[in-house]
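> Attaching a single structure in structure tokens format; questions to follow.
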Amino acid sequence: MFSFTCSLLTTIFLVLTIFLHPSNAQLSSTFYSSTCPNVSSIVRSVIQQALQSDTRIAASLTRLHFHDCFVNGCDGSLLLDQGGNITLSEKNAVPNNNSARGFNVVDNIKTSLENSCPGVVSCADILALAAEASVSLGGGPSWTVLLGRRDGLIANQSGANSSIPAPTESLANITAKFSAVGLNITDLVALSGAHTFGRAQCRFFNQRLFNFSGTGSPDPTLNSSYLATLQQNCPQNGSGNTLNNLDPSSPDTFDNNYFQNLLNNRGLLQTDQELFSTNGSATMSIVNNFAINQTAFFEAFAQSMINMGNISPLTGSQGEIRSDCKKVNGS
């Protein structure tokens, strides 16, 4: 009787687990072990080659995964070009237009994978694998990527405009957007740490430099010498497209310097500095911890990337495996 009861309880627990966390249950680190066993090494090899001519590409590819998952879940919808049934591409949404990049590298990865194991690896999984390889190659943590996502059949430009956090939003708004996709405060701070490498255009933060929130003055949370440097790089009537290092101390290395910058009021984006400069926020202690403990940051970042990769994936017979990441099959 005891063994029967234990068995029954175990069955109930498993059913509830699958019901409550269907995506986690259906994604697997060994999904391609028999159909495309070299998938991770193929992805990594293409990115290593791309890094030789483009030091920014690791940060750019990491960002693509983030911007994909926050819209319709991690389904590769960001990669779809306008055309056919795709009347409005997410690439042309405000957060991505003339900003999101690395699509050519994704295409190169897809070509390599199609040569090795045709029709097997989804574009959504390519983004997840590319993010992990990019962070690892940049000096950051590695993690076991859960796989088995399938590619979406639609794009959602309006969703990209409304769901992807904007660099000028309040911490409360950003927190709400993370919460809407099942991510918490620790995820928010950890994933913001991806700004330890990469660049940002002046247009994403120049509102902080001269007339912050209509005050006629710069953002008071900006370090004065850092402010002077940014004003020189991004003059009031200058080009909004000029690139600036998100982390001036180690712009192409994945480390915890981003959080040390925040302690010194050297966060580039408004949404960066708000993590530490919003009085009473629960994010402040997390920033402090990550600033003094890189291992804690790396561990949290890896877990948060897994959490983000679990946002509403298409699995089983849902969606498709695109043969070309830029378009739905048959279009």
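Just so you know, glycine gets a Cβ as well, placed from its N, Cα and C.
The following feature annotations were taken from TrEMBL:
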type	residues	note
DOMAIN	26-329	domain 'Plant heme peroxidase family profile'
DISULFID	CYS36-CYS117	disulfide bond
ACT_SITE	HIS67	active site, proton acceptor
BINDING	ASP68, VAL71, GLY73, ASP75, SER77, GLU90	Ca(2+) 1 binding site
DISULFID	CYS69-CYS74	disulfide bond
DISULFID	CYS123-CYS325	disulfide bond
BINDING	PRO165	substrate binding site
BINDING	HIS195	heme b binding site
BINDING	THR196, ASP247, ASP255	Ca(2+) 2 binding site
DISULFID	CYS202-CYS234	disulfide bond
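Can you tell me where each of these features sits in this structure?
The number of other Cβ atoms within 10 Å of the Cβ belonging to CYS117 (disulfide bond), over all protein chains shown, comes to 16.
Every protein chain shown contributes to the tally, and the Cβ of HIS67 (active site, proton acceptor) ends up with 23 other Cβ atoms within 10 Å.
Close to VAL71 (Ca(2+) 1 binding site) in the fold, though at least 6 residues off in sequence, lie SER77, LEU78, GLU90, ASN156, GLY159, ALA160, SER163, ILE164, each with a CB less than 8 Å from its CB.
In the shown protein chains, 30 other C-beta atoms lie within 10 A of the C-beta of CYS69 (disulfide bond).
Residues within less than 8 Å, Cβ to Cβ, of CYS123 (disulfide bond) and separated from it by at least 6 positions along the same chain comprise GLY76, LEU79, VAL106, LYS110, ASP151, ARG322, CYS325.
Around PRO165 (substrate binding site), the C-beta neighbours below 8 angstroms that are at least 6 residues distant in the chain are PHE70, ASN173, ILE174, LYS177, PHE178, THR271.
Counting Cβ atoms from all protein chains shown, HIS195 (heme b binding site) has 25 others lying within 10 Å of its own Cβ.
Within 10 Å of the Cβ of THR196 (Ca(2+) 2 binding site) there are 28 other Cβ atoms, across all protein chains.
Cβ neighbour count for CYS234 (disulfide bond) (all protein chains, 10 Å cutoff from its Cβ): 21.
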> Counting other Cβ atoms within 10 Å of each residue's Cβ, which of the disulfide-bonded residues CYS74, CYS202, CYS325 comes out lowest?
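Selected from the disulfide-bonded residues CYS74, CYS202, CYS325 on minimum Cβ neighbours within 10 Å: CYS202.
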> For CYS69 (disulfide bond), find which of the binding-site residues ASP75, HIS195, THR196, ASP247, ASP255 come within 10 Å, Cα to Cα.
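ASP75, listed in sequence order.
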> Out of the recorded positions HIS67, ASP68, GLY73, ASP75, CYS234, give me the one sitting nearest to THR196 (Ca(2+) 2 binding site) by CA distance.
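Closest by Cα distance to THR196 (Ca(2+) 2 binding site) among the recorded positions HIS67, ASP68, GLY73, ASP75, CYS234: HIS67.
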> Taking only the recorded positions HIS67, GLY73, HIS195, ASP255, which one has a CA atom nearest to the CA atom of CYS234 (disulfide bond)?
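Answer for the nearest of the recorded positions: HIS195.
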> Going along the chain, which residues six or more apart from GLY73 (Ca(2+) 1 binding site) have their CB under 8 A from its CB?
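Within the chain, GLY73 (Ca(2+) 1 binding site) has Cβ neighbours under 8 Å at GLY152, ILE311, SER312, PRO313, LEU314.
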> CYS117 (disulfide bond) to HIS67 (active site, proton acceptor): how many Å between their Cα atoms?
27
> Can you name the residues of this chain that are 6 or more positions from ASP247 (Ca(2+) 2 binding site) yet have a C-beta less than 8 Å from its C-beta?
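Result: HIS195, THR196, PHE197, ASN257, TYR258, ASN261, LEU268.
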